[in-house]
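Undergrad: For reference, the structure I am asking about is given below.
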Amino acid sequence: MDLPHQGYRATKPRARAAPPTADSVLFDDTSSAAPAMNSQGYYTPGYNMAGPPNDMQGGAGPHNMFADPMANAAMMYGSTLANTGKDMVNKEISRFMSVNKLKYFFAVDTRYVLKKLMILMFPYTHQDWEVRYHRDTPLPPRQDVNAPDLYIPTMAFITYILLAGMALGIQKRFSPEVLGLCASTALVWVIIEVLVMLLSLYLLTVHSDLSTFDLIAYSGYKYVGMIFTVLCGLLFGSDGYYVALAWSSCALMFFIVRSLKMKIIPSTDSMGTGSSAKPQFRLYITVVTAVFQPIIIYWLTSHLVR
């Protein structure tokens with residue numbers, strides 16, 4: 001019997017799908033499959049483009065590189081060249097400068113530096129000026145306060161350049177060119193002084209224990225007095241500058257005379273008799289070297305104080 005139409009439609013019952021089995025997957029795993037070509041001649045997407053594994057690359061890993069005889073030979077050849085170049089550089093440097101001897105002049109400590117600065121500024125209170133030796137070798141500066149060093153001259157030179165820049169800056173006269181001129185002038189004066197001293201010793205045939213490093217050290221001690229002079233000029237004006245100049249010049253002259261007196265030794269002739277003029281030459285060189293110190297100090301510091 002047919003029912004009347006009541007405004008709705010009859011629906012068919014939907015058939016439920018069977019649950020997926022364990023063998024059914026969404027995509028096929030083709031990562032381990034061999035490369036396949038499609039109809040257009042291209043590789044399929046499942047092909048591994050990373051390249052063959054390490055064992056198929058002929059052993060070109062980093063560990064295998066060092067096992068290569070050619071690589072080992074190249075490394076040994078490069079090491080030999082580097083060692084040969086290092087030896088050549090050291091040999092050329094040793095022709096003009098002994099590195100071990102240069103280290104001797106920088107063998108200082110804090111106690112030595114303080115005592116040496118006190119001697120440079122107050123040399124009149126120092127009594128023993130003799131340089132001490134151990135088995136015909138002079139003791140290093142940290143063991144003998146009378147031994148010359150290059151540490152104080154080097155640090156004093158750098159401090160002088162910085163102080164000169166500060167003095168010029170206070171006076172509104174600072175410029176890199178002027179500061180470079182101060183540094184080069186101070187360095188040239190030391191070189192000229194050392195060359196004149198060496199030439200005098202050679203021409204007057206005066207044998208001495210002085211080496212080139214010794215002369216550089218004694219010539220560089222003037223920078224300590226120059227720093228003291230410039231500081232007094234900046235703090236106390238021109239009057240303080242001239243008082244400090246007089247004090248530092250006299251102290252440096254006294255220090256140079258007493259130090260060089262122990263270093264310069266008169267020579268003797270082949271018969272073993274000493275020449276009567278040799279002590280006069282020794283005194284002449286010592287006094288002239290000491291007299292020129294205040295002139296150089298004034299020349300290098302007068303333009304920094306107004």
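Backbone N, Cα and C define each Cβ position, glycine as well.
What TrEMBL records for this protein is below:
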- 1-23: region 'Disordered' (REGION)
- 150-172: transmembrane segment (TRANSMEM)
- 178-203: transmembrane segment (TRANSMEM)
- 215-236: transmembrane segment (TRANSMEM)
- 242-260: transmembrane segment (TRANSMEM)
- 281-300: transmembrane segment (TRANSMEM)
Undergrad: State, in range form, which of 150-172, 178-203, 215-236, 281-300 has the highest count of Cβ pairs under 8 Å to the transmembrane segment (242-260).
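TA: It is 281-300, which has the most Cβ pairs under 8 Å.
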Undergrad: Mind pulling out the one from 150-172, 178-203, 215-236 with the most Cβ pairs under 8 angstroms to the transmembrane segment (281-300)?
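TA: The stretch with the most close Cβ contacts to the transmembrane segment (281-300) is 178-203.
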Undergrad: What parts of the chain pack near the transmembrane segment (150-172), using Cβ distances under 8 Å and only residues at least 6 beyond its ends?
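TA: Those are 102, 105-106, 108, 113, 116-117, 120, 141, 178-179, 182-183, 186-187, 213, 216-217, 219-221, 223-224, 226-227, 230-231, 233-234, 304-306, in sequence order.
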